[in-house]
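Asker: Please find one structure pasted underneath; my questions will follow.
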Amino acid sequence: MVMKYFCASDPMFFLIFTCLVLLQSFSTAEELILNSCNITTNFTSSNQFWTNLNLLLLPSPVSNSSRTGFFNTSSIGASPNTVYSLMQCRGDISMEDCSTCLNSAKVEIISQCSKVNRAVLRFENCLLRYSDIDFFSKISISPMNLMASANLATNSVVLNRQVGALIKNLTADAASNNSRFQIGLINYTNTENIYGMAQCTGDLSERDCLSCLQNMIQEVSSQCRNKEGCRAVCASCIVRYEKQPFFDLSLLSPLPPPPPAPGPSLTNTTKGKSSIVNVVAIIVPIAVGLLVLLLAFYAYSRWRRLRRGKSIPGINGDSIAPEDSPQFALDTIRSTTNNFSDDNKLGRDGFGVVYKGTLSNGQEIVVKRFSKSSSQGSEGFRNEAMLLHKLQHRNLVRLLGFCLDEEEKLLIYEYVPNGSLDKHLFDPNKKLYLDWERRYKIIRRIARGLLYLHEDSRLKIIHRGLKASKILLDDEMNAKISDFGMARLFDVDQTHHKTERVAGTFGYMAPEYVVKGLFSMKSDVYSFGVLVLEIISGLQIINQNRTDSSKDLIKSAWMHWREGAHLEFLDPSLTSSSPSEVMKCMHIGLLCIQKNIEDRPTMASVVLMLDSNSAILATPSPPPFVSESESDIAETTIREA
């Protein structure tokens, strides 16, 4: 008898592997709650790294000395083709459910992250991660995802207080437990409870686990206030709470006694009959399962062809279908905005009009109504819809959904109650509320949002329109970057791009962008630097009554910094401040607006400088007071956004 052996890189191997695992998990649909594929390096099917990865992803059962929970780290192959992998299941699920989830994850990671060298997939019940570098025992906050319930609490004050107490206790217990896992509940009303869970990957130390969970608590506290449920997840940990039980409540009590010892072994005759039954029991379900799988695939393909539903044409052939981002009915939006009433109008930007609305559940929203006739409006709508639905960060405005109906192009966002930064910073009365502590926090939050766009998200995004009016402030004055209508998606290895049409607000735009149409991450850094100087001084880079106001602000900042008189540059409305922080921010702002692109720091360096008291800052050169001659600027087309 001739036998065929399949190697790990054989396509037939993966076809069989995929079918077997799909059969195992056909009846259990795992919810994918975190998905990150790092595409810094591509591999071919003959690459040794890919072969090693295939070996690690072989389907296998899991086991543990306890009834629940599973954690494993492993590596295979020699450098530079070593693959490091981490597998973990939720601490309260059975070994059978754990095996099912991890084997499903192995199939899904091949589908979602084909031929990339780093990937993280977290399902409801398990986590699968691999990389070409050793990440064991290191915190990975990024990638991060936050999933909040759409339901608002009837008694938000009590809920927020109880949730805070619950997750604080759970994180402390989880970090101190060897399992790095904890579940619990707390009373919400006389008849209702709140259920919570905290878990870290088993390779983290107690200190690192606590640090990771505290980061997730910050996300929950800022993004999930008044929500009946929320999950904050990253590669290294997860925090979750719900009003409904999502774990086995019996696990909160002492474990039941172990099962009785197994009876005497079977006779040889019984074993023989049992083996025949076992063979039949294996073959028949596989055959039936394959048939069901083929029928299901046919039905799904037919449903896809017949499905009717509008999608948003995207970037590079990508698109958003209704299942990717919630699609709102036009009648719903008309009702929430009082038929786009002027009383609901919040303002206008370069692409359309912005309205406030309230959904039937009481949630406040913002609706951006894009121009129907403008090609720029269509481009802005496509940009924001395609980019924001893939991004989630506490310092970015969150996209809730879209509407495409009757030639209307609408995007629906979370409502940020304190409006834009410019309304506070440049108003003689409102600016009094912006003390130095708040201004410094705003600077740091904007920096973290830009860092996420440039380096930490799955994409590489250049905002291109950063300015004070694009920074929104929530009820705790936390900064959120908004308006991605002019944003551009870069390839991973792309450093810059050139455009024939320069669009933006003069004063915030980098010299190379104004004169040559070149933009890059360093263009955003320049805009950030200008914004920092505005926040410190309370002065606008552009004064409608002065044509040279941008020169005045930058020159003033340079002269005061050079002379060590940084407090004289500070907004006079500030009665107190931290001189060292003011000087550091002025220094960073001047570094960001250097004329030479290479002299500007990256946003990663900016965040490090802002967070550290010991970072050594380079000495800035005199900044460009005037970007280029009037004749050069006249050759561009500048549209106020």
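Glycine is treated like the rest: Cβ placed from N, Cα and C.
Just so you know, TrEMBL annotations are computer predictions that nobody has curated.
Fair warning: this is a prediction, and the values are worked out from it, not measured in the lab.
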Asker: Which range, 327-347, 369-389, 537-557, 621-641, does TrEMBL list as region 'Disordered'?
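Answerer: Per TrEMBL, the stretch marked region 'Disordered' is 621-641.
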Asker: With DSSP, how much of the domain 'Gnk2-homologous' (31-135) is helix, how much strand and how much coil, in residues?
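Answerer: Residue counts in helix, strand and coil order: 27 helix, 46 strand, 32 coil.
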Asker: Mind tallying the domain 'Gnk2-homologous' (141-246) by DSSP state, helix then strand then coil?
Answerer: 39 helix, 33 strand, 34 coil
